[in-house]
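Annotated features in TrEMBL:
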type: ACT_SITE; residues: GLU1211; note: active site, proton acceptor
type: BINDING; residues: CYS29, CYS34, CYS37, CYS59; note: [2Fe-2S] cluster 1 binding site
type: BINDING; residues: CYS99, CYS102, CYS134, CYS136; note: [2Fe-2S] cluster 2 binding site
type: BINDING; residues: VAL249, ILE250, MET251, GLY252, ASN253, THR254, SER255, VAL256, ASP352, ARG394; note: FAD binding site
type: BINDING; residues: GLN741, PHE772, ARG886, GLY1053; note: Mo-molybdopterin binding site
type: BINDING; residues: PHE888; note: substrate binding site
type: DOMAIN; residues: 1-77; note: domain '2Fe-2S ferredoxin-type'
type: DOMAIN; residues: 221-431; note: domain 'FAD-binding PCMH-type'
Amino acid sequence: VIEKNVDPETMLLPYLRKKLRLTGTKYGCGGGGCGACTVMISRYNPITNRIRHHPANACLIPICSLYGTAVTTVEGIGSTHTRIHPVQERIAKCHGTQCGFCTPGMVMSIYTLLRNHPEPTLDQLTDALGGNLCRCTGYRPIIDACKTFCETSGCCQSKENGVCCLDQGINGLPEFEEGSKTSPKLFAEEEFLPLDPTQELIFPPELMIMAEKQPQRTRVFGSERMMWFSPVTLKELLEFKFKYPQAPVIMGNTSVGPQVKFKGVFHPVIISPDRIEELSVVNHTHNGLTLGAGLSLAQVKDILADVVQKLPEEKTQTYHALLKHLGTLAGSQIRNMASLGGHIISRHPDSDLNPILAVGNCTLNLLSKGKWCSVFLHVPLNCFFQLEFVSAFRQAQRQENALAIVNSGMRVFFGEGHGIIRELSISYGGVGPATICAKNSCQKLIGRHWNEEMLDTACRLVLEEVSLSGSAPGGKVEFKRTLIISFLFKFYLEVSQILKKMDPVHYPSLADKYESALEDLHSKHHCSTLKYQHMGPKQHPEDPIGHPIMHLSGVKHATGEAIYCDDMPPVDQELFLTFVTSSRAHAKIMSIDLSEALSMPGVVDVITAEHLSDVNSFCFFTEAEEFLATDKVFCVGQLVCAVLADSEVQAKRAAKQVKIVYQDLEPLILTIEEAIQHNSFFEPERKLEYGNVDEAFKVVDQILEGEIHMGGQEHFYMETQSMLVVPKGEDQEMDVYVSTQFPKYIQDIVASTLKLPANKVMCHVKRVGGAFGGKAFKTGVFAAVTAFAANKHGRAVRCVLERGEDMLITGGRHPYLGKYKAGFMNDGRILALDMEHYSNAGNSLDESLLVIEMGLLKMDNAYKFPNLRCRGWACRTNLPSNTAFRGFGFPQAGLITESCIMEVAAKCGLSPEKVRMINMYKEIDQTPYKQEINAKNLIQCWRECMAVSSYSLRKAAVEKFNAENYWKKKGLAMVPLKYPVGLGSRAAGQAAALVHIYLDGSVLVTHGGIEMGQGVHTKMIQVVSRELGMPISNVHLRGTSTETVPNANVSGGSVVADLNGLAVKDACQTLLKRLKPIISKNPKGTWKDWNSVSSRGYESDINWEKGEGHPFEYFVYGAACSEVEIDCLTGDHKVIEMLLTVDCIEGAFIQGMGLYTIEELNYSPQGVLHTRGPDQYKIPAICDTPTEFHISLLPPSENSNTLYSSKGLGESGVFLGCSVFFAIHDAVSAARRERGLHGPLSLNSPLTPEKIRMACEDKFTKMIPRDEPGSCVPWNVPI
């Protein structure tokens, strides 16, 4: 590619997508945090004659930095038109793709690894994928696909007693069902295309010749706004820096890039010294290692790994400490882009390396010509051998690819006098504006003996010196203070243990119970067993039902050929729309000045509420939703106006120039507690009552009252909100291409806004890159404004939200406050339960009332409460409106009920499992809303989970571990599941399908369901194949459109395949009836020789006045057993083993695990969302998957009223993630009991490292200073 007009502001990602139309590389976050835009960069070094391949985030790479490089995208390695690459084939056939939006990035990360290591280890694979996020699969099938490239594929690589994990069933037990016809594999590895490294793309010879023959000269690129200089000598670099002292020096753009994108920083001059050889120097000297500042962090990691293998461990302690943190620092893409010098200089507040470099006596060599530039880093060897110790510590929200909350480097050197400190260095990151060295404390400790007394003094000195304000950025202040001294204690234990081994006479031995504090918590090797059902001998071999059919678009996901909304080519004269949002949570708009925005180049219009006038709202439920703010704003992120311009860049620049003057209003209500205080609720209150609660309270043995708070959750679908609206030019017709779960709603809201009948507006959805409930009602507002702009100007308009905008505007799962009063007998039977549910609805109603209703109807979970009263309120607050999210109220309501069960068990002195069992539904029973159920499968799931997990043996092993270990604890929890499937009303339980049979025998199917990763289109083709008795290859499905199937319901609630499948089945049977006379005349003919619309649904309803009805069609049952291990000193946790028995599976479970543990939304006291991207908001990554993951399904029910005995499992599994929450609760309880804390334990969700650590109270949590309430303004408020 020769680009003559290079703009230094252009990044590789938009260049690939907009200029070259290579749309396989996706936009996921724009900040290098999700991996969706991963490409392979290849560079040739003419001096070493070596080619280096590495992964990189295209969203952060300026195209100016790519002169002379080869960029390989997902399209380049294989396609369906030529041949697909083995990586693409395996990830598709191993079911490692669902919505498919993250798949090209995953493919490129694996591909790049295989170019460097054709037979990688499992560690290398998990490391390579550490920078890629997936919200659908739960990672297990992706790991399975990767394992096929390993020498020991499919195995956990951890053979105990010489027995492989795959040979011993689950926990060494045989399969739990005698004679069960199951298989442990979904694919046959021997059928995969072989990986042949000789067939890979070569580095372009012309680039190689150019690198060798062209003289090295300074490159200069410029545009109207920016200049880019790329010097080739240190002398030139210093001259440029002297001439432009404010210009940043960038190598990988991993620090400056996000500042420019997210903080609005602009640099008119950029200096990029990426070709200066001296900056990549590596010199081994007798006393250490000299590294060029231009080396990437990945190169530094490889260099250090090589050195530590050649030298004695005692000489390379600093190197080991650096390697430890380089292994978890960012993802592989960022490590390969970020430079050592850039990291040291720019990551000063939270650098993982700087504290180690500071204590390791490393020196940074600088060159100057008026302005300093880092050139070399010298990392010395540890010269004092056995008397010198260096260690590193860090704790983050997620184990890998997350900025540290606190990190530390520590070094001690002893004199000859038996453990007397001669030198001591302690440095911390994350607790100030730069790395903080506790110099004074260290000075005062020199000459002291290394003992408990010294430790106590050291903790107090360090806490005094490394002080942290109560309003410090990032919050978690008390947690950070605790980590400061917890790390110091860990260092004390580490050194003490080594000293004891060296000289057992003079040094006291560590208590055995303390040794576990030094052991690593995290195992990288993953092992999973999943049992799949075999088909019966009577089933026709061509019948696809029950077979593990690959996702219809699986291969296209993997090759980048699957087209999402923003992959559609631009329409002639297309405009781009971007929204301007409120910066205040509750304020009056005094004025809006659009003049500067309208005067900017490329700007066509700014749409305001005044333009929309009488169509500025739409009512779907009981309350109209306003599109653009009129005179007041009610949350930060509320839409105020929309800028329309010729390009995305121009629209976003102009949006920043819209000037809005506000006047703050009172009250500002952010939390549920504040809403209760101000009586701020949406009407009406919902109530469910069964039995006589008040009378039952009079006869019980004990009564307890409690409450639990549960935070919200961001959808974090990989594809952000996207749409393209195209006016057709005649008859006022409008085509809306949009990423939504609810095309009918989009059609209705757009038609209303344009004052058109619905038949003039057609909504089309090919596929959605993840949704989870977040692409229904809010999407309609964006579509209405975009369609209004398109209609006003008669031009196509595209609108695609950036990740930060999406997270700010769209809301997510409702935070909940649950209060309960339980009356129970001493044997654990709960006879009376009185509950109150409060949800934080945000500033408008959206679906909040439905969420409250579903929470009430499902709050009983698996338990029969003979006397029950539950009331629910949706709180009106000054936050963005929360909306539907996978599970729809049940993950919150179920957690409240399970917390009550836990507390009852603690009061009775019984195990939670015993109390769960005694209160469980018993076969034929009745729910609180008087719907009959048969809980036989619930009991079966519970018993099988108990048996297969060897629960009692495992419990004994956990208790033994806890008795032997003081600073590490294990926890075990088992949680049952009864999930009612259905949407609560007859209208919502309908579906429609259209089936065409053409004269050549081929079939076209369309239906009302949306493909968003769950494979509904694949399932519909399976239904047609079975019903019409034809091969899958004869059937095609085009997508979903209001043009072919009208009035379809929202796709959600785990019923999409159920309802649409029944409609497709009906349609096929109707066609067969019509064709029966023709077929009977030629029974041996084909469909070509022989050669419609149908609706079908579930009957369901609920009467809220009476609190009874038949709201659900059927119930999904299950049970989950989780075992975790926690580090009591840091709050870190790891899921050791997970076992699911379900009547779903892992994607929902991992999402639920994130909900209950690490996914934490942070708002400022002014209502501003802090967590606006993957840098701040952590969803589970590949490092968070359980070390062992075992899943089994119940056999199909013979009397099922569902489609081919299938059940909707997409929603139910989210709740089972709370088994991890309660396993952590169990581990924390064990720690507290050992420390003499026997009172009731109340833990809120999510159970982050902060909450775990602070609940494990000990001498360190008591030692830290505490801030008086009201003495400072906190950085964040708990929502």
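Glycine is treated like the rest: Cβ placed from N, Cα and C.
Keep in mind that what you see is a predicted model, and the values were worked out from it rather than measured.
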Extent of the FAD binding site in Å [max Cα distance among VAL249, ILE250, MET251, GLY252, ASN253, THR254, SER255, VAL256, ASP352, ARG394]: 28
Go through ASN253, SER255, GLN741, the listed binding-site residues, and name the one with the sparsest Cβ surroundings, counting other Cβ atoms within 10 Å. SER255
Would you list the DSSP helix, strand and coil counts for the residues of the domain '2Fe-2S ferredoxin-type' (1-77)? 19 helix, 21 strand, 37 coil
Could you round the CA separation between CYS59 ([2Fe-2S] cluster 1 binding site) and GLY1053 (Mo-molybdopterin binding site) to a whole angstrom and send it over? 34
On a C-alpha basis, identify the one among CYS29, CYS134, CYS136, VAL249 that is nearest to PHE888 (substrate binding site); the candidates are the binding-site residues. CYS136
Pairwise Cα distance for CYS37 ([2Fe-2S] cluster 1 binding site)/CYS102 ([2Fe-2S] cluster 2 binding site) [Å, integer]: 8
Among CYS29, CYS136, GLN741, GLY1053, which are recorded as binding-site residues, the nearest neighbour of MET251 (FAD binding site) by Cα: CYS29
Name the residue among the recorded positions ASP352, GLU1211 whose Cβ has the smallest number of other Cβ atoms within 10 Å. GLU1211
Minimum Cα separation from PHE772 (Mo-molybdopterin binding site), reported as the residue among binding-site residues CYS136, ASN253, SER255 that achieves it: CYS136
Please tell me which one of the binding-site residues listed here (CYS29, CYS136, ASN253, SER255) sits closest to ARG886 (Mo-molybdopterin binding site), measuring Cα to Cα? CYS136
Which of these binding-site residues has the least crowded Cβ, counting other Cβ atoms within 10 Å: CYS29, CYS37, CYS134, MET251? MET251
Near GLY1053 (Mo-molybdopterin binding site), which recorded positions out of CYS99, CYS102, ASP352, GLU1211 have their CA within 10 Å? GLU1211
For CYS102 ([2Fe-2S] cluster 2 binding site), which residues of its chain lie six or more apart in sequence with Cβ-Cβ distance below 8 Å? LYS26, GLY28, CYS34, GLY35, ALA36, ASN132, LEU133, CYS134, ARG135, CYS136, MET718
What mean pLDDT does the predicted model reach across the domain '2Fe-2S ferredoxin-type' (1-77)? 95
About how far apart, in whole Å, are the alpha carbons (Cα) of CYS29 ([2Fe-2S] cluster 1 binding site) and CYS99 ([2Fe-2S] cluster 2 binding site)? 17
Nearest-integer angstrom distance between the alpha carbons (Cα) of GLN741 (Mo-molybdopterin binding site) and CYS99 ([2Fe-2S] cluster 2 binding site): 13
Surrounding the recorded [2Fe-2S] cluster 1 site, with Cβ no more than 8 Å from the Cβ centroid of CYS29, CYS34, CYS37, CYS59 and those residues left out, we find LEU13, LYS26, TYR27, GLY28, GLY30, GLY31, GLY32, GLY33, GLY35, ALA36, ASN57, ALA58, GLY105, ARG803, PRO1174
Rounded Cα distance, in Å, between GLU1211 (active site, proton acceptor) and ASP352 (FAD binding site) is 38
